[in-house]
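TrEMBL annotations:
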ACT_SITE  TYR174  active site, proton acceptor
BINDING   30-58, ASP84, LYS178  NADP(+) binding site
BINDING   SER161  substrate binding site
DOMAIN    24-196  domain 'Ketoreductase'
Amino acid sequence: GQRQVLPGGGPASTEGINMAAAPRTVLISGCSSGIGLELAVQLARDPRQRYQVVATMRDLGKKEALEAAAGEALGQTLTVAQLDVCSDESVAQCLSCIQGGEVDVLVNNAGMGAVGPVEGLSIAAMQNIFDTNFFGAVRLVKAVLPGMKRRRQGHIVVVSSVMGLQGVMFNDVYAASKFALEGFFESLAIQLLQFNIFISLVEPGPVVTEFEGKLLAQVSTAEFPDTDPDTLRYFRDFYLPASRELFRSVGQSPQDVAQVIVKIIGKARPPLRRQTNARYSPLTLLKAVDPSGVLYVRTTHSLLFRWPRLLNLGLRCLACGCLPTRVGPR
């Protein structure tokens with residue numbers, strides 16, 4: 001049968017054409033900036049024109065940067081659409097604009113950050129983070145999964161984080177939301193193999209974006225009510241300097257992360273997990289080599305509170321390639 005993406009979405013596949021050669025419809029959430037924007041543009045500009053990209057965002061008032069970056073691909077291989085991952089109605093409306101609601105590749109990228117002492121975060125703020133980072137992804141999966149199962153093909157890509165593999169001080173709630181993603185999608189992956197549907201958890205380390213810079217600047221002067229003076233001092237005098245050095249030393253660009261995702265989407269047998277930053281991988285190995293978790297927790301504690309200069313030196317070594325790195329098979 002015929003399938004057509006949103007109006008202006010380029011040539012539609014028709015009967016008599018080998019469906020294997022037809023462009024795959026890729027729905028991406030959170031495309032107003034950062035990884036989502038870069039990924040949408042890279043896929044839309046694929047030299048082999050393998051993809052029809054539906055690049056979505058909650059606020060279409062922020063679409064200007066994406067449209068400018070898309071250039072001639074806009075209206076051809078890329079269409080911009082409104083999507084709030086926290087709204088059932090918004091998800092349904094977005095999918096209704098794709099004939100048959102058929103999505104071949106779903107990229108769950110929409111997310112929000114949170115950093116600071118847990119005492120200074122309200123339960124409502126924590127729930128908002130989970131509503132976007134976890135339940136938003138689940139809501140989209142529930143919407144596209146029936147169609148993927150009927151066709152017995154599909155690929156679900158989840159932009160997770162290395163903080164879905166290991167906890168990071170003062171990122172408690174954000175890490176928890178990513179741990180939830182990791183557990184949910186690893187569990188789902190086992191069942192979905194039976195339907196020829198693949199799941200890929202992409203795990204960036206620090207990603208240098210304007211958003212991240214603004215977030216760190218804001219929290220450095222935030223009050224964090226109900227937080228004791230010692231904890232505030234540890235946050236401002238120990239965590240924040242180490243975090244800035246981490247981003248300076250091993251931070252990745254959104255373009256680099258998007259390139260990794262493009263390669264994963266192009267694979268016939270995509271991996272379940274893929275870290276994107278080879279320079280960060282020695283930090284995740286600390287947890288992998290000691291399943292009890294003691295090595296990771298105590299080493300990280302010592303580096304932050306006892307030997308911050310050694311931590312900075314180590315990060316600079318990672319940045320210049322002095323230390324061996326590994327992120328697994330490509």
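Each position is counted from 1, following the chain as shown.
Every residue, even glycine, has its Cβ placed from backbone N, Cα and C.
Remember, it's a predicted structure, so these values are computed and weren't measured experimentally.
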(message) Quick check on the binding-site residues: of GLU38, ASP46, whose CB has the lowest count of neighbouring CB atoms inside 10 Å?
(response) ASP46
(message) Neighbour count first, Cβ atoms within 10 Å, every protein chain included; then name which of ARG50, ARG58 tops the list of binding-site residues.
(response) ARG58
(request) Taking only the Cα atoms, work out how far ARG58 (NADP(+) binding site) lies from the residue listed as 'active site, proton acceptor', in Å, as a whole number. (result) 20
(request) Would you pick out, from the binding-site residues GLN42, SER161, the residue whose Cβ has the largest number of other Cβ atoms within 10 Å? (result) SER161
(message) What whole-number Å value do you get for the CA-CA distance of TYR174 (active site, proton acceptor) and GLN42 (NADP(+) binding site)?
(response) 27
(request) Within 10 Å of each Cβ, count the other Cβ atoms and name the one among the binding-site residues GLY30, GLY34 with the highest count. (result) GLY30
(request) Restricting attention to the domain 'Ketoreductase' (24-196), give the mean pLDDT. (result) 96
(request) Using C-alpha atoms only, work out the spacing between GLY30 (NADP(+) binding site) and the residue listed as 'substrate binding site' and round it to an integer in Å. (result) 15
